Amino acid sequence: MEAKSGLFAGSLNSNELVVIQKQNEPKAVKNLDGQDCEICGDSVGRTVEGDLFVACEECGFPVCRPCYEYERKEGSQNCPQCHTRYKRIKGSPRVEGDEDEEDVDDIEQEFKMEEEKYKLMHQDNMNSIDDDDTKYREQPLYSHSIGENYGAKLDNKEKTDEWKQQGNLLIETDAVDPEKAMKDETRQPLSRKVAIPSGRLSPYRMMVVARLILLLLFFEYRISHPVPDAIGLWFISVSCEIWLALSWIVDQIPKWFPIDRETYLDRLSVRFEPENKPNMLSPIDIFITTADPIKEPPLVTANTVLSILALDYPANKISCYVSDDGASMLTFEALQETAEFAQKWVPFCKQFSTEPRAPEKYFSEKIDFLKDKLQPTYVKERRAMKREYEEFKVRINALVAKSMRVPSEGWSMKDETPWPGNNTKDHPSMIQILLGHNGGDSEGNELPSLVYISREKRPAFQHHTKAGAMNALLRVSAVLSNAPFVLNLDCNHYVNYSKVVREAMCFFMDIQLGNSIAFVQFPLRFDSLDRNDRYANKNTILFDINLRCLDGIQGPVYIGSGCIFRRKALNGFDPPKASKRSRVVQVHSKQDENEEDGSIIEATDEEKQPLQLDKDTENKFGKSTLFMNSSLTEEGGVDPSSTQEVLLKEAIHVMSCSYEDRTLWGYEVGMSYGSIASDILTSLKMHTRGWRSVYCMPKRAPFRGTAPINLTERLNQVLRWAVGSLEILFSHHCPIWYGFKEGRLKLLQRIAYINSTVYPFSALPLIIYCIVPAVCLLTDKFITPSVGTFASLVFISLFISIFASSILELRWSGVSLEEWWRNQQFWVIGSISAHLFAIVQGLMGRFLGRFNAHFNIVSKAPDDDGEFNELYTIRWTVLLIPPTTVTIFNIIGIVAGFTDAINSGEHEWGALIGKLFFSSWVIAHLYPFLKGLMGRQNRTPTLVVIWSVLLASIFSLVWVRIDPFVLKTKGPDVKQCGISC
């Protein structure tokens with residue numbers, strides 16, 4: 001194909017072809033502004049004649065050609081708006097059902113391609129070429145592509161010859177150039193947006209609108225019908241309802257545009273891993289943070305490190321850095337053992353393509369060797385490797401046992417040198433390269449590098465906990481390896497999908513869209529949870545709903561782990577300015593770079609311009625010439641003239657305590673300081689600068705880890721998140737007004753950030769609303785007057801709409817009903833306990849200055865005995881008081897309500913039912929808390945205990961009221977006779 005024919009993007013596998021830029025393409029006219037695809041958000045583009053592309057001739061619903069062709073081939077073949085069947089447009093492949101259409105616009109080209117396809121298949125069969133060698137040897141791509149069902153498919157070559165004899169076609173039989181077909185493959189997009197099917201999303205949106213209308217009718221009735229004899233209860237309840245309704249609206253608005261994404265790893269490999277050529281995949285630095293070897297066991301950290309070193313990615317492009325903020329010799333020695341074991345584990349994983357690549361999880365999975373018919377070599381190697389891992393665990397456990405007996409003079413290393421970190425709060429910087437790219441395993445295979453660091457700690461300096469450790473890692477890695485991308489993982493989150501880095505590179509390395517992406521966030525999944533997930537540790541509402549919805553706006557927020565960043569974004573630079581679409585030239589290979597050299601140089605100069613114009617780099621990055629030069633390098637990499645001794649000396653310098661003084665670290669550079677929730681604050685600043693983020697959900701969970709299953713630990717975790725959100729709300733980074741001057745933060749994204757910072761305040765109306773039912777039962781009052789037919793219909797309809805909108809939300813998201821219910825339960829539990837105390841701490845810290853939030857490490861040790869002892873362990877904390885009080889209050893109210901109804905007569909039972917419903921609603925939401933509070937109870941179900949006590953109290957009161965053993969005497973009616981007793 002000649003260069004003047006223009007740039008095309010296509011795929012031999014997915015049968016897609018997109019004209020990205022044609023020679024002398026006419027410029028877009030002004031009146032076409034806003035013609036973006038309603039499915040993926042890209043421009044709808046133009047046809048081969050230069051006209052605006054219109055997919056549906058009936059309604060003109062704007063859809064781009066890739067989405068149009070995908071809908072015709074894989075979808076319903078109908079327009080999303082008018083549901084009219086799409087007609088075939090010139091230049092698009094035929095699909096089943098197009099035979100009856102009378103358009104023969106490019107039938108010559110069609111048969112020409114079929115002939116070439118037949119010739120190629122025939123030639124390949126004669127030469128006995130296997131499938132792997134022939135998957136790229138198909139027909140050359142033109143203004144359209146050929147699929148398996150393309151048009152009136154020819155059954156054999158005779159039909160083609162028959163057409164040739166009739167003079168209808170002029171068939172060219174030129175040989176197919178495999179290099180040209182490969183080049184066309186390299187022009188395909190690496191990822192695409194996949195819209196949620198309208199059949200699932202539209203009913204959900206309609207129900208949300210219906211729920212909003214019913215809310216307006218509900219509040220119109222509630223405000224216009226006060227309760228005269230309980231005006232206080234009425235006012236408080238209406239105020240709480242208004243606040244909770246507003247919080248629901250703020251939470252619901254960003255959920256309007258959920259999307260999914262699809263990546264093409266085969267295209268990434270074809271484009272950046274050509275045969276017999278250097279690998280062009282981008283290097284990546286991976287950060288692991290740990291601080292306490294007791295709460296974060298070394299074996300857990302070792303498994304995370306091993307899963308990283310065994311990633312399905314070029315070994316010379318991976319550098320793993322472990323930050324030990326506890327300066328523990330136990331962690332250091334455990335990593336030394338890990339580096340030695342990795343020389344055996346990494347080759348085994350890559351030889352047999354094992355999943356997952358964390359040995360503890362891998363060997364815990366049961367494999368039926370006879371059923372799967374695995375190779376005897378694999379079975380033998382697996383058994384040998386399992387023995388090696390068991391010995392490795394013995395050595396790690398011996399180190400743990402040794403660390404329990406601390407010598408009086410402190411720890412010493414093997415050469416009798418005192419361990420520099422004996423004083424964990426006052427020690428110098430430490431760094432050691434445990435594995436280097438020059439080293440390898442026993443067979444000489446290259447391994448990723450592994451570096452241990454422990455930044456300097458001095459009592460007079462503020463160290464900023466995890467955010468400070470991340471910034472130290474960012475500087476050290478820039479000096480030693482300086483990869484353009486960095487992956488952040490907690491020490492308990494191992495890699496469960498070895499191709500996860502490739503998934504992210506499908507977004508970052510896309511020339512057209514990747515330059516504006518700051519980070520790719522992945523979902524986190526958790527092991528070692530109880531079967532019912534009592535305390536909603538899975539967080540499926542966050543990972544499977546909220547983040548997917550944000551991905552349809554400006555991108556998800558950073559959640560603290562499982563995220564791959566662009567180093568340029570972390571260094572505080574703005575994204576490159578978007579050029580006009582008509583001038584974009586997409587280049588995907590080195591050959592394309594040579595052909596379009598002028599365009600590339602112009603784009604690169606524009607991107608580098610802000611770096612060259614920055615005159616305050618020293619005040620911004622600190623006094624390290626080597627680090628500043630690395631930070632200003634677009635493609636990453638380290639100066640090859642620098643020796644390893646010079647690099648290590650500079651690494652020690654950049655992680656010293658005083659390096660960040662009088663710099664912008666933590667404010668405009670690196671992870672942000674000023675809040676425990678530094679992850680949310682960091683992503684807020686990036687989005688405000690104009691960066692985008694991407695949420696990637698591969699079919700296999702990319703990362704898995706452990707979560708706190710103890711009630712106290714879980715509440716403390718929720719408390720820390722809530723305090724961090726309030727710190728952002730009360731700071732000058734408050735998302736209500738932060739970044740308005742720049743104007744780069746989208747409105748819906750701003751609303752999402754506002755919701756992520758104000759949500760703890762829902763605890764105030766919620767705890768009041770949980771107490772109101774008990775007050776009504778004790779005082780024999782109610783928050784509403786006697787309702788009529790219309791009001792009853794509104795109340796019932798609103799109640800139904802709440803459940804219907806939730807069910808429809810679960811339908812499009814794939815979240816189970818049980819997971820949703822657990823999330824609702826723990827939302828109530830966390831709100832009336834952790835969120836309530838977070839408000840108190842946040843207000844005291846903001847206005848009184850008497851409280852400083854501390855970063856408390858949550859225990860990440862797995863439950864080895866399998867009996868979930870941590871689940872039933874009770875560790876008393878003040879956070880347990882409010883839910884316990886609310887529960888007891890409601891139980892007393894139910895008992896008092898029954899007693900009052902029995903004493904008052906049958907006419908009181910109707911009003912009692914409504915009051916009992918609300919109290920039962922509160923107790924049902926607090927049930928997991930009560931179950932955790934009561935412990936095992938000799939394995940007696942907690943529900944039986946609660947209802948036994950409740951029913952026993954009610955039946956006792958009824959028995960006292962009846963009193964069958966007392967003789968009833970008859971006498972005069974004092975009310976009728978007027979006798980005063």
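Numbers here mean position along the shown chain, with the first residue as 1.
Using N, Cα and C of the backbone, Cβ positions are placed for all residues, glycine too.
Residue density at Asp325 (active site): 22 other Cβ atoms are found within 10 A of its Cβ, drawing on all protein chains shown. If you look up TrEMBL, you'll see Asp325 (among others) marked as active site.
Annotated active site per TrEMBL: Asp679 (among others), in sequence order.
In the structure as shown, the Cβ atom of Lys295 (UDP-alpha-D-glucose binding site) sits within 10 Å of 17 other Cβ atoms. Residues annotated as UDP-alpha-D-glucose binding site in TrEMBL: Lys295, Glu296, Asp325.
According to TrEMBL, the Mn(2+) binding site annotation covers Lys466, Asp490.
The annotation coiled coil is assigned in TrEMBL to 97-124.
Taken from TrEMBL, the feature compositional bias 'Acidic residues' applies to 593-605.
In the domain 'RING-type' (37-83), helix, strand and coil residues by DSSP number 10 helix, 4 strand, 33 coil. The feature domain 'RING-type' is assigned by TrEMBL to 37-83.
Summarising the annotation, TrEMBL assigns region 'Disordered' to 577-606.
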TODO: Give the maximum pairwise CA distance in Å, whole number, for the residues Lys295, Glu296, Asp325 listed as binding UDP-alpha-D-glucose.
DONE: 13
Task: Cα-nearest neighbour of Asp490 (Mn(2+) binding site) within the listed recorded positions, Lys295, Glu296, Asp679 - done: Glu296
Open item on the list: I'm checking region-level scores; what's the whole-number mean pLDDT for the domain 'RING-type' (37-83)?
Closed with: 77
TODO: Would you mind checking how many other C-beta atoms are within 10 angstroms of the C-beta on Asp679 (active site)?
DONE: 24
- [ ] State the Cα to Cα distance, in Å, between Asp679 (active site) and Lys466 (Mn(2+) binding site), rounded to an integer.
- [x] 10
Task: Candidate nearest Asp325 (active site) in space, where candidates are the binding-site residues Lys295, Glu296, Lys466 and distance is Cα-Cα - done: Lys466
Task: Alpha-carbon distance [Lys466 (Mn(2+) binding site); Glu296 (UDP-alpha-D-glucose binding site)] in Å - done: 14
TODO: Would you count the other C-beta atoms found within 10 angstroms of the C-beta of Lys466 (Mn(2+) binding site) for me?
DONE: 22
